[in-house]
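In what follows, a structure is listed as structure tokens, so that the remarks can point back to it.
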Amino acid sequence: MDIIETAKLEEHLENQPSDPTNTYTRPTEPVEEENKNGNGKPKSLSSGLRKGTKKYPDYIQIAMPTESRNKFPLEWWKTGIAFIYAVFNLVLTTVMITVVHERVPPKELSPPLPDKFFDYIDRVKWAFSVSEINGIILVGLWITQWLFLRYKSIVGRRFCFIIGTLYLYRCITMYVTTLPVPGMHFQCAPKLNGDSQAKVQRILRLISGGGLSITGSHILCGDFLFSGHTVTLTLTYLFIKEYSPRHFWWYHLICWLLSAAGIICILVAHEHYTVDVIIAYYITTRLFWWYHSMANEKNLKVSLQTNFLSRAWWFPIFYFFEKNVQGSIPCCFSWPLSWPPGCFKSSCKKYSRVQKIGEDNEKST
């Protein structure tokens, strides 16, 4: 009886029609047809995966998501434009100082204006040298820190744009209003009275000496509103703190002390009116905070009716520099120069996962 039942079962299975829903058949549709139907592989598949699928047709192609674009593109060419902008305004400042110097009234005819700080604090001769030395130290620390930043191109263009804009403001303020010297100790260079060649020599002397008194290049008067030394001391500290790790509190404290002491020494030396320092500090900090708030917040990069920051005259320049930067820049450091150079690095053959598994299967068979 068992033999008869087995024979009937086999006969029943042979006569039963095959159900296509219970089997899997690999589609034989060509790749061109798949691409037309929208089922083809995306263009972003790596070349290794394409080669692997051709060599091993038994593997099923899986569409991988495309890589997101770089959130922090370097764009060094934009940094170059910002650098030219900063250099132009710095040179323009020296030209403006030379022009304004000819309009400064003699201290015998126009004595220094009253200043409350000067009323209570007597002048200390060496204080201004301390201020300039502190500024040189802060600039040196900032340049060294900037060289080791991973995204130095983005940070560099921000620094160049901000300092260039600040010195552009300084050119305007010193030109529209000429203040008398803050103290009777000032020894201003003689006026040239239209000697263009001598003015060019003074401009070159200012540029070569960095406009510092300790280098003997700061011999002109009239650049009192607002203080360029305060701009440098404040801005370098702000950038040092912003683009360094938060747990470097000791580093931030040292830089803050250098900046604060330098600003106080400007007033102690009676080289600038108190209002010069206050205005310089206010404009520098506002411009730095406004720019970085707009750069770090995506909604502030759009010119909207409710975004009042976008009404600044420099917003189109800001958008040009920052439109491709997505979010806040992470505090990352790297060596300024990669070693060994790319031409000395040995090229290694890269395998995709499909190729590696396929070759392992061939070896096992």
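Yeah, the Cβs are placed from backbone N, Cα and C, and that goes for glycine too.
What Swiss-Prot lists as compositional bias 'Basic and acidic residues' is 1-14.
Residues or ranges marked as region 'Disordered' in Swiss-Prot: 1-52.
According to Swiss-Prot, the feature compositional bias 'Polar residues' maps to 15-26.
Marked as transmembrane segment by Swiss-Prot: 80-100 (among others).
Among the features that Swiss-Prot reports, transmembrane segment is placed at 128-148 (among others). Outside the transmembrane segment (128-148), and at least 6 residues removed from its termini, the chain residues within Cβ reach (under 8 Å) are 155-156, 159, 212-214, 229, 232-233, 236-237, 239-240, 243-244, 255, 258-259, 261-263, 265-266, 269, 271, 333-336.
The transmembrane segment annotation in Swiss-Prot covers 159-179 (among others).
For 218-240 (among others), the entry in Swiss-Prot reads transmembrane segment, with the evidence type sequence analysis.
Residues near HIS229 (active site) in space but far in sequence (CB under 8 A, at least 6 apart, same chain), listed by position: SER131, GLU132, GLY135, GLY262, ILE263, ILE266, GLU271, HIS272. Residues or ranges marked as active site by Swiss-Prot: HIS229 (among others).
The transmembrane segment annotation in Swiss-Prot covers 248-268 (among others), and the record cites sequence analysis as its basis. Residues 117, 121, 123-124, 127-128, 130-132, 134-135, 137-138, 141, 227, 229-230, 233-234, 236-237, 240-241, 274, 277, 281 of the same chain, all 6+ positions outside the transmembrane segment (248-268), place their C-beta atoms under 8 angstroms from a C-beta of that stretch.
Taken from Swiss-Prot, the feature active site covers HIS272 (among others). All protein chains considered, the CB of HIS272 (active site) has 27 other CB atoms within 10 Å. In the three-state DSSP scheme, HIS272 (active site) falls into the coil class.
Positions annotated as transmembrane segment by Swiss-Prot: 273-290 (among others).
Under a cutoff of 8 A between CB atoms, and with a sequence separation of 6+ in the same chain, the neighbours of ASP276 (active site) are PHE224, LEU225, PHE226, SER227, THR230. Annotated active site per Swiss-Prot: ASP276 (among others), in sequence order, evidence recorded as similarity to another entry.
In the three-state DSSP scheme, CYS331 (S-palmitoyl cysteine) falls into the coil class. Sequence-distant neighbours of CYS331 (S-palmitoyl cysteine) (same chain, six or more apart, CB under 8 Å from its CB) are TYR243, SER244, PRO245, listed in sequence order. Per Swiss-Prot, S-palmitoyl cysteine is recorded for CYS331 (among others).
Annotation comment: Swiss-Prot describes CYS332 (among others) as S-palmitoyl cysteine, evidence class similarity to another entry. All protein chains considered, the CB of CYS332 (S-palmitoyl cysteine) has 11 other CB atoms within 10 Å.
Look at Swiss-Prot and you will find CYS343 (among others) tagged as S-palmitoyl cysteine, backed by similarity to another entry.
Annotated S-palmitoyl cysteine per Swiss-Prot: CYS348 (among others), in sequence order, evidence recorded as similarity to another entry.
By the Cβ criterion (under 8 Å, sequence separation of 6 or more), the transmembrane segment (80-100) is not in contact with the transmembrane segment (273-290), since fewer than 3 such pairs are found. Within the chain, the transmembrane segment (218-240) has long-range Cβ neighbours (under 8 A, six or more residues past its boundaries) at 93, 96-98, 100-101, 103-104, 131-132, 134-135, 138-139, 141-142, 145-146, 155, 159, 162-163, 166-167, 169-170, 173-174, 177-179, 181-182, 186-189, 202, 205-206, 209, 211-212, 251-252, 255-256, 258-259, 262-263, 266, 271-273, 275-277, 279-281, 283-285, 288. According to its DSSP assignment, HIS229 (active site) is helical.
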